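J.: Provided herewith is a single structure, encoded as structure tokens, for subsequent inquiry.
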Amino acid sequence: MTLRFPRFSQGLAQDPTTRRIWFGIATAHDFESHDDITEERLYQNIFASHFGQLAIIFLWTSGNLFHVAWQGNFESWIQDPLHVRPIAHAIWDPHFGQPAVEAFTRGGAIGPVNIAYSGVYQWWYTIGLRTNGDLYTGALFLLLLSAISLIASWLHLQPKWKPSVSWFKNAESRLNHHLSGLFGVSSLAWTGHLVHVAIPGSRGEYVRWNNFLEVLPYPQGLGPLFMGQWNLYAQNPDSSNHLFGTSQGAGTAILTLLGGFHPQTQSLWLTDIAHHHLAIAFLFLVAGHMYRTNFGIGHSIKDLLEAHIPPGGRLGRGHKGLYDTINNSLHFQLGLALASLGVITSLVAQHMYSLPAYAFIAQDFTTQAALYTHHQYIAGFIMTGAFAHGAIFFIRDYNPEQNEDNVLARMLDHKEAITSHLSWASLFLGFHTLGLYVHNDVMLAFGTPEKQILIEPIFAQWIQSAHGKTSYGFDVLLSSTNSPAFNAGRSIWLPGWLNAINENSNSLFLTIGPGDFLVHHAIALGLHTTTLILVKGALDARGSKLMPDKKDFGYSFPCDGPGRGGTCDISAWDAFYLAVFWMLNTIGWVTFYWHWKHITLWQGNVSQFNESSTYLMGWLRDYLWLNSSQLINGYNPFGMNSLSVWAWMFLFGHLVWATGFMFLISWRGYWQELIETLAWAHERTPLANLIRWKDKPVALSIVQARLVGLVHFSVGYIFTYAAFLIASTSGKFG
């Protein structure tokens, strides 16, 4: 018999229907379920695939550098970052007529180009790159790293180089290596790059390999380090009239604590950033020496966890048994990693706009909007994935005997209390927030806007005041000149910080009012509901009231209606599926809020947001409808313009999104009948009946159809909003 796809499952390979193809694709990466898999091969396959992942990342970033160097305008952008539009790459399209060629020829290019809204120009400029030659060098270096990663991937699948299971389960060594070796050393290396290359570059000094050893990053070199006079490195910082990239107004300090932003670039001081990375490096280098390995010093994580027993005996056995549970479950480890990474990605979104690290990126409004939205969506998908793998852990890896009465077992014992509290919080937030919005809508509709219920977010304003924002008049902590906190930081970072937080042109601690209060609670509703669905799905994954133990049922059985006893309540896969809709919904509200608030800030009409955001019609009319005018005008009676591609994508995104419903609201029997009718017609049509297929066509399973629907819904939703965001922002600000 010839070997058919999928090779990893003989059972599936012999399936006579098209199910073989779909199930093969669905389980291709589920190594645990493959024929002849052993624990050792499982770990080795995943380890090797990590190097493949790195190779793809390096290749992709190399491509970014290469295309900007080849087709971009990096060198002319550097001369005037605020007015030259950065080019991502050229467009080669044989369908372009003269109007299209003219519309897309911009940024000083000779032909049609795409504008870069990714912030790479600002990033590369900040870290000291200055010429196309630098970009080509970077591209080649990353290409080399990509090749090395691929070789490493292949090498670690060869018999001599395959690591053993015990090597993979040596948690202490891995933690030490990752903390010290990856985070610590790389942060130290990055500090070195900033001090030796980026900071001199920002002061007009071009440091490369040929003069790297001759140019002192600091006049006295390492003298102050060895003499213990570290404060010298902070003396004589760049002045407030420093022109970035030149020696005008430049200082000599390399590690500072100035606080606030560089007045010209509106980004954090490079010397502050270098100082931050040095501190991070120190912390992680220390942290990476905490755990006991071959040398017999440091802590054993197992001993630490076993000792974590709550006193008094009423809270169970604490962390007993957790070490082996986590160390033997890849899904548990992946869940923890995804949860951490998801939070970090969302924090990146928040901090990239409020504390911009890259020169001039704060004045590139479209890039700011694109980066915020991008990182929030990525965070949403990663965080839902954390709970999916948490659920799979309970089904495949959880052993009740090993975890008796510890925190995991007790969490399962209390799951009704956990889910009911989350449910109550979600209902409370939902009804109250919607009630306020709808009340305000009705008042506006009846012409009595003064009867709206408008609530000032006084607690949030108090927190902002504590951080130094003076406009609310709270006079507390950093906003009070008499407080000890104020006096403690007055001589170092505080003046710069206070200047930044009270400056109305940046995004640091934006002024908030009743509209913010409402949308904050709408977002809280979305977050709590998403969390409720995900937490319930994970906690009920192994067993719930209807089905006490689902271990043999697996993860992805469908919610199948009342016909089979009602499995809607108890499918972990279905909880994940539902949660993704809520996640997208929530991030929609988050990005709408961020974007509208910033558009009004950038245009200087914040009163529009303040007045229109307190009722739903305001959001629909003054944010969505008003800002979609650019998309509707991509093609108009005067021809086309550079927004037409976004207008097209806006329509296309809606189409993909709507197609999702064809799969989501459907009955499987209908599809099966339709397929068989089509197959019957095909077989009875001359010429067409010459083509036969080996697999009998069958309708998608319930879970598959849901997945296909969810993918269309998600992709369409994101495409639609991406087009709206970029067109409405770039149409206003260029």
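Quick reminder: no glycine exception, Cβ is built from N, Cα and C everywhere.
What you see is a predicted model, and the numbers here were worked out from it, not measured in a lab.
Marked as [4Fe-4S] cluster binding site by Swiss-Prot: C559, C568. Under the heading chlorophyll a B1 binding site, Swiss-Prot lists H654. The chlorophyll a B3 binding site annotation in Swiss-Prot covers M662, Y670. Sequence annotations record features per position, and here Swiss-Prot assigns phylloquinone binding site to W671. The transmembrane segment annotation in Swiss-Prot covers 46-69, 135-158, 175-199, 273-291, 330-353, 369-395, 417-439, 517-535, 575-596, 643-665, 707-727.
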J.: With W671 (phylloquinone binding site) as the reference Cα, tell me which of the binding-site residues C559, H654, M662 is the closest one.
T.: M662
J.: Output the one of Y670, W671 that, of all these binding-site residues, has the highest number of other Cβ atoms within 10 Å of its Cβ.
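T.: Top count of Cβ atoms within 10 Å goes to W671.
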J.: C559 ([4Fe-4S] cluster binding site) has how many other Cβ neighbours within 10 Å of its own Cβ?
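T.: There are 19 such Cβ atoms around C559 ([4Fe-4S] cluster binding site).
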J.: If contact means at least 3 Cβ pairs within less than 8 Å, sequence distance 6 or more, would you call the transmembrane segment (707-727) and the transmembrane segment (273-291) in contact?
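T.: Checked: the transmembrane segment (707-727) vs the transmembrane segment (273-291), no contact.
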J.: Can you give me the Cα-Cα distance between M662 (chlorophyll a B3 binding site) and C559 ([4Fe-4S] cluster binding site) in Å, rounded to a whole number?
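T.: Between the alpha carbons of M662 (chlorophyll a B3 binding site) and C559 ([4Fe-4S] cluster binding site) there are 18 Å.
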J.: Provide the number of Cβ atoms within 10 Å of the Cβ of M662 (chlorophyll a B3 binding site), excluding the reference atom itself.
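T.: For M662 (chlorophyll a B3 binding site), the 10 Å Cβ neighbour count is 13.
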J.: Only counting partners 6 or more residues apart, tell me which same-chain residues put their Cβ under 8 Å from the Cβ of the residue listed as 'chlorophyll a B1 binding site'.
T.: G716, T720
J.: Under an 8 Å Cβ to Cβ limit, what residues of the same chain, 6 or more beyond the ends of the transmembrane segment (330-353), are close to it?
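T.: Same-chain contacts beyond the flanks: 42-43, 46, 361-362, 368, 371-376, 378-380, 382-383, 385-387, 389-390, 392-393, 396-397, 507, 594, 598.
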J.: Between the Cα atoms of C559 ([4Fe-4S] cluster binding site) and Y670 (chlorophyll a B3 binding site), what distance do you get, rounded to the nearest Å?
T.: 18
J.: Tell me whether the residue listed as 'phylloquinone binding site' sits in a helix, a strand or coil according to DSSP.
T.: helix
J.: Sort out the residues at least 6 away from either end of the transmembrane segment (175-199), same chain, that have Cβ-Cβ distances under 8 Å to it, and list them.
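T.: Result: 126-128, 207, 212, 215, 217-218, 254-255, 270-271, 273-274, 277-278, 280-281, 283-285, 287-291, 293, 301.
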